[in-house]
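Enquirer: The structure under discussion is supplied below as structure tokens; questions concerning it will follow.
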Amino acid sequence: MAAAAFFLLVGAQHIMVSEAFACKPCFSTHLSDIKTNTTAAAGFMVLQNINCSRPHEASATQGQVPSRKSSQCREAVGVPQYITITANVTDESYLYNADLLMLSACLFYASEMSEKGFKVIFGNVSGVVSACVNFTDYVAHVTQHTQQHHLVINHIRLLHFLTPSAMRWATTIACLFAILLAI
């Protein structure tokens, strides 16, 4: 009986997924070209529910723009793959520009996670460009951070609180400064 249980445990170890990823969708649904190559992270699985901070506001804005997909809240379940992103930056459509701003916010998130020591992988998760980090490492980091600094705020993460409107204004102001510096 003990030998049978041992073999079941050994067999279950090979069935279990060896590593999970926590992914943040970049909401870039209108990018002109998303190519996946064959270097997928084989055997890896994404199990992370992405919640929006204001789901009612997102659904209200979706009713005004009929060409958008139903929701920007997605449950990212899939296999992360390395991707190439090509964006159509000459298009004057507001939706393309908004998606590029959301992609830039995702790049800021990825750089912040990289600064904290995480290896960030950009992947095509269920057709959505996502920034993925190792879920086990992320949980360990959050646990360690909350145990050491449970009530101490040692840095302000400003980029996480920027809305698309604020990103547009920040981009406009940055462009104006660049033009003034060039003159």
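Glycine residues also receive a Cβ, built from the backbone N, Cα and C atoms like all the rest.
As listed in Swiss-Prot for this protein:
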type: CARBOHYD; residues: N37; note: N-linked glycosylation site
type: CARBOHYD; residues: N51; note: N-linked glycosylation site
type: CARBOHYD; residues: N88; note: N-linked glycosylation site
type: CARBOHYD; residues: N124; note: N-linked glycosylation site
type: CARBOHYD; residues: N134; note: N-linked glycosylation site
type: SIGNAL; residues: 1-22; note: signal peptide
type: TOPO_DOM; residues: 23-160; note: topological domain 'Virion surface'
type: TRANSMEM; residues: 161-181; note: transmembrane segment
Enquirer: Compute the C-alpha separation of N124 (N-linked glycosylation site) from N134 (N-linked glycosylation site), stating it in Å without decimals.
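Expert: Counting only the Cα atoms, the answer is 16 Å.
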Enquirer: Rank the glycosylation sites N124, N134 by the number of other Cβ atoms within 10 Å of each Cβ, and give the residue at the low end.
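Expert: Selected from the glycosylation sites N124, N134 on minimum Cβ neighbours within 10 Å: N134.
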Enquirer: Near the transmembrane segment (161-181), which same-chain residues lie under 8 Å Cβ to Cβ, leaving out any that are not at least 6 residues past its ends?
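Expert: 98, 101-102, 104-105.
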Enquirer: Under a three-state reduction of DSSP output, how is N124 (N-linked glycosylation site) classified: helix, strand, or coil?
Expert: strand
